[in-house]
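All remarks here apply to the structure that follows.
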């Protein structure tokens with residue numbers, strides 16, 4: 001790499017050579033923008049940003065790309081004379097090996113690979129640190145929304161206490177549709193697949209794996225700690241019923257799948273991190289409630305900054321390419337200047353709090369026998385588990401009554417045990433809906 | 001300045017010495033955070049960030065601050081052995097002279113001074129460029145919301161087409177209150193003053209000067225052009241009536257004071273920038289409509305990224321201090337590495353489009369004579385001015401009828417001329433409300 005530090009370097013500087021790994025929806029947009037916006041990018045980066053090669057599995061399948069740049073050999077391209085590797089293939093291996101090779105050789109890496117980062121960010125960051133190279137990954141969470149950079153840089157002088165957001169478009173589309181049509185989960189998933197909003201195999205989205213990877217990345221950055229996808233408590237949306245949605249509506253709430261990363265302070269002052277993905281009831285007045293369809297939005301709370309929200313498109317070729325290009329310009333600029341961007345740092349090194357010990361609030365909707373004393377019996381079960389009740393609403397029907405209970409904060413395990421005990425009570429005909437509550441005091 | 005480029009510099013590096021000019025609400029928060037978060041800041045910046053002096057008008061009035069750091073002589077502090085000047089005094093002179101001195105001596109500057117930047121950003125940027133120093137000003141627009149950095153860095157590979165937002169908390173508080181109470185402007189302003197949401201002299205806020213400064217800063221950054229406050233078309237909220245608000249409500253809309261910065265492409269392909277601040281009707285379903293009270297929010301549209309929104313607290317000591325600290329860490333880091341951050345660039349140098357030639361849409365509410373042919377006569381006046389009508393709603397009352405017209409896009413001057421002509425028509429009893437419309441197709 002012959003590009004040395006130069007202040008105010010113009011476009012006479014040696015070009016920054018870029019290897020592009022993968023050229024699908026996002027990659028082809030990146031390749032297009034690199035060509036079309038070349039002058040603009042050079043002005044911003046301080047040197048021309050030059051596409052040196054594109055690794056694709058089958059070069060003959062890409063007649064639209066400059067043929068001399070194509071190669072099926074990603075490993076060789078990574079080892080060649082390039083300064084930056086942009087990885088848009090996804091998955092763990094062989095990508096992990098290629099990116100470690102690149103970083104160890106001092107090449108900077110820009111990637112959108114959330115699964116890889118959620119599992120191996122420690123290893124990748126250490127390789128980047130050791131070689132003085134950059135590792136940027138804005139596109140890995142919430143597509144086009146500038147989120148990681150503000151967390152890492154703009155809030156660098158602040159103390160983040162919570163990051164909570166809608167980070168998966170497929171599940172948000174399904175829950176939004178269930179909310180507006182009143183239809184059930186299976187039916188709505190079919191409709192989403194038909195419209196192209198859900199993959200043929202929707203597991204990664206609907207079971208929350210995708211959101212959990214993003215939660216791990218967000219928690220690591222926000223709290224300067226190492227949180228992997230395996231540390232994230234994960235519940236998907238497949239058990240959300242039309243009854244849950246109706247129960248939420250009746251209370252002026254809506255159901256969203258949220259990634260929630262929180263700094264939890266114990267009574268003795270010890271801090272830990274809670275990271276979880278699960279369906280949540282939030283008030284319709286909450287800014288996240290209005291985020292519909294395939295959009296993403298992330299709420300951040302910090303000591304000094306207060307509440308912030310970032311909203312935009314979470315996926316798609318062009319939006320994700322915009323995030324990749326932003327990173328690429330930053331990385332190229334750092335190389336021209338001979339420096340590195342702010343590192344991801346795990347210096348706080350907070351432990352991850354198990355879900356059972358994480359304070360949450362429950363909304364519980366029950367069908368109970370319509371006779372005196374039932375509320376007292378049910379309330380006693382909550383009390384037995386040390387769970388305090390915030391609000392109760394009771395409504396008579398024919399032979400049964402509907403009982404809605406919202407709790408105060410309690411350890412999740414205590415709430416879970418309460419629900420289990422209540423489900424076994426003779427006076428309880430049915431546990432209609434159980435859901436955690438966020439966004440209200 | 002003895003801090004040279006060092007990769008992976010630890011905290012053994014020479015400290016970055018900071019001069020703080022002004023120590024009011026924001027400054028005292030900055031001073032506090034610099035002390036309390038010293039370790040954290042050093043870890044992020046790569047060197048200790050040290051408060052070298054605080055310039056205040058009357059040192060004896062600040063017993064809460066470390067006395068040995070205080071000085072009434074800001075000019076001498078700027079000239080002393082400091083690396084970064086943080087300016088939180090406000091106003092043009094003598095601040096402009098001090099900051100130019102600092103930049104020319106190669107010291108980096110962090111400022112929240114929107115009035116200064118909206119008028120002299122060209123001069124300040126050139127001084128920074130010439131000396132290889134940084135000029136950062138995240139806190140000047142939308143307080144704690146990380147907005148300028150995403151515009152400048154995250155979207156560096158994208159093409160921004162529009163930036164539109166609520167950037168003044170006082171006027172948003174007043175309009176939100178008018179919307180919920182139905183009260184008039186004067187009455188609501190009194191209430192806002194009583195509650196401390198409006199200054200004793202509210203001119204800068206209610207007449208749109210504050211928002212116009214911010215629009216100039218946003219337009220300059222987003223379109224890489226020089227836009228000053230004087231280039232921004234400015235209308236405040238003092239002429240917004242209870243009738244306007246009621247008319248908006250009747251149509252499922254609400255009224256907001258927006259700063260609107262747009263890239264306008266003429267028929268011949270020539271690009272220009274429109275920058276304006278005025279009251280606007282937006283649909284209640286628009287994300288900006290739900291931004292209430294003293295909050296700020298800014299919508300950004302870019303070719304690849306699509307629609308983005310940034311939301312948070314626009315003012316206040318702690319939120320603004322958070323933005324200042326973020327900048328300070330970045331500037332300190334750049335010094336430790338021996339480089340500079342991405343420069344504000346005016347390379348596109350687009351001309352500013354006069355308001356009269358800017359395409360806008362009007363909502364017009366009229367009381368007209370209740371007799372046949374009135375709509376035809378009114379519609380003819382629109383047609384005579386080349387303004388095409390998108391929607392009409394007519395409702396009979398006793399002897400008058402209410403006529404509501406929403407236009408398609410037309411040059412603002414044509415719309416203004418239309419309204420003037422309509423006001424003179426015999427069949428028009430009263431022009432009840434005229435307001436521009438945004439956020440719908």
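Every residue, even glycine, has its Cβ placed from backbone N, Cα and C.
Those TrEMBL annotations? Automatic predictions, nothing curated.
Since we're looking at a predicted model, the values are computed, not measured.
Residue A:214 (active site, proton donor) carries a helical DSSP state (H, G or I). Long-range C-beta contacts of residue A:214 (active site, proton donor), restricted to its own chain and to partners at least six residues apart, with a cutoff below 8 Å, comprise A:114, A:118, A:140, A:141, A:142, A:167, A:168, A:259. According to TrEMBL, the feature active site, proton donor maps to A:214.
Residues or ranges marked as NADP(+) binding site by TrEMBL: A:21, A:22, A:23, A:24, A:25, A:26, A:27, A:28. Neighbours of residue A:24 (NADP(+) binding site), defined as other CB atoms within 10 A of its CB across all chains, total 12.
Residues annotated as NADPH binding site in TrEMBL: A:114. A sphere of 10 angstroms centred on the C-beta of residue A:114 (NADPH binding site) encloses 24 other C-beta atoms.
Within 10 Å of the C-beta of residue A:199 (L-homoserine binding site) we count 13 further C-beta atoms, all protein chains included. The annotation L-homoserine binding site is assigned in TrEMBL to A:199.
Confidence for the domain 'ACT' (A:363-436), expressed as mean pLDDT, is 92. According to TrEMBL, the domain 'ACT' annotation covers A:363-436.
Counting only same-chain residues six or more apart in sequence, the Cβ atoms lying under 8 angstroms from the Cβ of residue A:25 (NADP(+) binding site) belong to A:316, A:317, A:320. Taking H, G and I as helix, E and B as strand and the rest as coil, DSSP gives the domain 'ACT' (A:363-436) the counts 23 helix, 34 strand, 17 coil.
Comparing residue A:22 (NADP(+) binding site) with residue A:199 (L-homoserine binding site), their Cα atoms are 20 Å apart once rounded. Taking the centroid of the Cβ atoms of A:21, A:22, A:23, A:24, A:25, A:26, A:27, A:28 as the NADP(+) site, the other same-chain residues with Cβ within 8 Å of it are A:20, A:29, A:30, A:31, A:88, A:89.
Calculated from their C-alpha atoms, the gap between residue A:21 (NADP(+) binding site) and residue A:199 (L-homoserine binding site) amounts to 23 Å. Across the binding-site residues listed here (A:22, A:27), the residue whose Cβ sits among the most other Cβ atoms within 10 Å is A:27. Fewest Cβ neighbours within 10 Å among the binding-site residues A:21, A:26, A:28: that distinction goes to A:28. Straight-line distance linking the Cα atoms of residue A:24 (NADP(+) binding site) and residue A:199 (L-homoserine binding site), rounded to a whole number, equals 16 Å. For the pair formed by residue A:27 (NADP(+) binding site) and residue A:199 (L-homoserine binding site), distance between Cα atoms is given as 19 Å, rounded to the nearest Å. Look at residue A:199 (L-homoserine binding site): DSSP puts it in coil.
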